[in-house]
Amino acid sequence: SQVSFEEESQNPPTVGHWKPLMPSKGDKEEAESGCQDAGGVHEPQSTEQLNVSRLRSSSVEIREKGSEFLRDELHKAQKELKLKDKECERLSKVREQLEQELEELTASLFEEAHKMVREANTKQAAAEKQLREARGKIDMLQAEVTALKTLVITSTPSSPNRELHPQLQSPSRAGFRKGHGRNKSTSSAVMPAASQGVAPEPASRECREVDSILFAEFQAWKESPTLDKSCSFLDRIYREDIGPCLDFPKQELSELVREAVEQNTLTIEPAASQTVPVGRVAAEECGGPKKCALSGLPRTCKHRIMLGDSGNYYYISPSCRARITAVCNFFTYIRYIQQGLVRQDVELMFWEVTRLRREMSLAKLGFYPSEM
């Protein structure tokens, strides 16, 4: 027993100790020396090592928590950065959209301004055209006014103007029908004799008789008046009067004149009413003051015509002007009938149409007033 006690005293019991996570070289030496030292000396060293290891483990935990916190903050910052990027992208799109809308608005404003300018120029051109047409139709309107005065007088047979109809003062004329009337040339011829109280001679009287075929055609046309030349009434007048009256040696220009008269777009004006620059005469005008554009003959041309709004003028002689004016007067009267502006008996309308046809016949034969 004594031997065993001595052996136990020589080999003291090993005391357990905490190993540090990362023991240094000095710690290893202390641990080795500690194993060889007695138990009383090893206990304080083990406690100190335990405290150091705890401190190190707590510092590692703190570092891990710090790194985790930093990672969370980094994720938050990245999310905020993505949101800001999206916001910037949205704002850039809004800016691009606003710039595009601004460009479209500017373009539309410029287009509207140009449109208004074009409309103003168009209206100005139309007004100038109407002014030229109005000036060019003065001659025709004067003849129309004279004809309309005669129509107004003859349209009220119950109270006629006895100065223009002196035959109504004579008892021998009481048997005339209400529809009977005289043309202007005959009435004016008998006016001086009536004013002196002298009865007109039988030789100066004009007798006339209604042609049944022509009157029937006119009545059929009067039921539904039209400017279509295919009807029998206008077809006859085109063949017998209008065609020969507007048949000039310059065939191409004659066709253009006929179309302009039918469409009411022909303008006649005095040759001296407007001064044309010398440089534009050759390009815009045909014929000249000494040459007729329709007949091609050397004549003194006091008037010129324009077809539509072409801007080209053609000098015409007095004879050609009389022929064109006679046809224009005829078309003007039948347009009045078509529009319902003539309130007369059918027979009086027929005789007025016949008088206008006679003027076309005389004009195509070369008869025209001296003032032309």
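Using the three backbone atoms N, Cα and C, a Cβ is placed for every residue, glycine included.
TrEMBL does not curate its annotations; it predicts them automatically.
As written in TrEMBL, here are the features:
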{"type": "COILED", "residues": "67-151", "note": "coiled coil"}
{"type": "COMPBIAS", "residues": "44-57", "note": "compositional bias 'Polar residues'"}
{"type": "COMPBIAS", "residues": "156-172", "note": "compositional bias 'Polar residues'"}
{"type": "DOMAIN", "residues": "64-149", "note": "domain 'GDP/GTP exchange factor Sec2 N-terminal'"}
{"type": "REGION", "residues": "1-57", "note": "region 'Disordered'"}
{"type": "REGION", "residues": "156-203", "note": "region 'Disordered'"}
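Helix, strand and coil content of the domain 'GDP/GTP exchange factor Sec2 N-terminal' (64-149), in residues and according to DSSP, is 85 helix, 0 strand, 1 coil.
Counting residues of the compositional bias 'Polar residues' (44-57) by DSSP class, helix then strand then coil, yields 14 helix, 0 strand, 0 coil. Over the coiled coil (67-151), the average per-residue pLDDT in this prediction is 87.
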